[in-house]
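Colleague: The structure's right below; bear with me while I get my questions together.
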Amino acid sequence: MVAARVSEVKAEGVLRGACAALAAAAALLVGLSTQTETVLLVRKKATVKDVQALWVLAMAAAAAAGYHLLQLLKCFYLGRRVGGGASPCRRSSRALAWTCLLLDKACAYTTFATTVAAAQACVIALDGAHALQWTKLCNIYTRFCEQIAGSLVLGMLAAVGTAVLSAASARNVFRHYSPGTYAAH
């Protein structure tokens with residue numbers, strides 16, 4: 001039983017490390033993407049701050065990466081503690097499991113929502129909005145748009161990984177409630 005728990009903690013640690021790396025890569029790729037082009041004799045620079053949804057994505061992805069790194073430290077601690085044979089207090093581990101579940105859900109929803117919002121803003125930059133007389137920006141800033149597209153893929157992969165982690169957190173919560181715990185005596 002202890003060996004199975006240790007392998008679960010290790011698997012969670014690997015997945016958290018992957019999510020942290022994906023979210024950090026998405027944040028860095030969005031945050032550091034710039035391109036300068038000359039348009040009608042005027043030099044224009046495209047940055048992440050030009051589209052507020054991209055700025056929000058960069059901040060949310062950075063926060064998600066930090067959260068996953070903190071949870072990864074928790075996995076290392078629990079892996080050492082469970083591997084050493086120590087058994088944490090049942091009530092405090094139940095509260096910790098609930099806290100991790102709620103934080104994982106919040107991180108998954110936030111990462112997914114900001115990535116989708118940034119993707120929606122990028123569709124307007126890709127196709128333009130003729131009714132509003134907005135031109136296609138990706139024809140001008142091709143490299144910038146390609147970098148943003150890459151960061152959107154990384155952000156979505158991080159969101160999917162976080163959703164899988166929240167399912168594992170839910171399983172961890174329900175493990176604390178055995179069928180005999182609340183049976184009528």
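Placed from the backbone N, Cα and C atoms, the Cβ positions cover glycine too.
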Colleague: Regarding membrane topology, does Swiss-Prot annotate Thr34 and Arg143 with the same topological domain?
Modeller: yes
Colleague: Are there residues at least 6 beyond the ends of the transmembrane segment (106-126) whose Cβ is under 8 Å from a Cβ of it, and what are they?
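Modeller: Sequence-distant neighbours of the transmembrane segment (106-126): 23, 26, 30, 51-54, 56-57, 60-61, 63-64, 67-68, 134, 136-138, 145, 148-149, 152, 155-156, 158-159, 162-163, 165-166.
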Colleague: Hey, which bits of the same chain come close to the topological domain 'Extracellular' (34-52), Cβ under 8 Å, at least six residues off its ends?
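Modeller: Same-chain contacts beyond the flanks: 58, 118, 121-122, 125, 137, 140-144.
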Colleague: For the topological domain 'Extracellular' (34-52), what are the DSSP-based totals of helix, strand and coil residues?
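Modeller: Per-class counts: 4 helix, 10 strand, 5 coil.
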Colleague: What average pLDDT is reported by the model for the topological domain 'Extracellular' (127-147)?
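Modeller: Across the residues of the topological domain 'Extracellular' (127-147) the model's pLDDT averages 75 on the 0 to 100 scale.
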